[in-house]
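Visitor: Annotated S-adenosyl-L-methionine binding site per Swiss-Prot: Gly111, Leu135, Gly136, Asp137, Tyr138, Val139, Leu140, in sequence order.
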Amino acid sequence: MRIDIVSIFPEFFGVLDISLLGRARQSGLIDLRLHDLRAFTHDRHRTVDDTPYGGGAGMVMRPEPWGEAMDEVLADDTDPVVIFPSPAGEVFTQAMAQELSAEPHLAFGCGRYEGIDQRVVDHTATRARVRLVSLGDYVLNGGEVAVMAMIEAIGRLVPGVVGNPASLVEESHSDGLLEHPSYTKPPEWRGLAVPDVLRSGNHGAIAAWRREQQLERTRRVRPDLLPD
């Protein structure tokens, strides 16, 4: 999978050089390409923002550097999905992560300030498949944190990135429910014991217990995930 990121803070994504995604990059499973938005400016101040038409607080990111950055991202004509993090977008879910993990090319545009000039989104939509995506009903200082979260969720679903694919099946949201509690050794710690069923060796009973724990936890914490 190829992933392009456009940002005024490309160094923010240095963390992608470590852990599972770092190994995925080294092995060629993920081809990450960072684009510094300021590299597409042509004034000595490397300006990427300006005051909004119509007035209002804050600054808006100018279309010119964004247009040139997207020209570079889209130059290979690979028909990527271009994602702009936005509180006005559709909410990112595990199902969306699974869907996007099958795409050969994703591109992310990290907005800042009061956002990106809408013409950038509109023009990009004439050249690629554009999606506005939100992490939830709150506002961040910029798109970098949201993009990091999405890449982490999507990248680990790319075949070969996670060593044991079975672990992906057992996680929260993989089947629409929250994950069951997990335990390891020792069998007792500070007066708290591992549930007997998990030490019984009865795989049917263990599966039933885990399923019930998923349902109970989902009913208690995220009842909105359960069917009506």
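Using the three backbone atoms N, Cα and C, a Cβ is placed for every residue, glycine included.
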Visitor: Using DSSP with the three-state reduction, classify Tyr138 (S-adenosyl-L-methionine binding site) as helix, strand or coil.
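Guide: Note: Tyr138 (S-adenosyl-L-methionine binding site) is coil by DSSP, not helix or strand.
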Visitor: Quick one: among the binding-site residues Gly111, Gly136, which has the most Cβ atoms sitting within 10 Å of its own Cβ?
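Guide: Result of the Cβ crowding comparison: Gly111.
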Visitor: Long-range neighbours only, meaning 6 or more apart in sequence with Cβ under 8 Å: which ones does Tyr138 (S-adenosyl-L-methionine binding site) have?
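Guide: Spatial neighbours, sequence-distant, of Tyr138 (S-adenosyl-L-methionine binding site): Pro87.
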Visitor: Just how many other Cβ atoms lie inside 10 Å of the Cβ on Leu135 (S-adenosyl-L-methionine binding site)?
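Guide: Other Cβ atoms within 10 Å of Leu135 (S-adenosyl-L-methionine binding site): 17.
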Visitor: Going by a 10 angstroms cut-off between Cβ atoms, which of the binding-site residues Val139, Leu140 has the sparsest surroundings?
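Guide: Relative to the other binding-site residues in Val139, Leu140, Val139 has the fewest Cβ atoms within 10 Å.
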Visitor: Which residues in the same chain, at least 6 apart in sequence, have a Cβ under 8 Å from the Cβ of Asp137 (S-adenosyl-L-methionine binding site)?
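Guide: The answer is Pro87.
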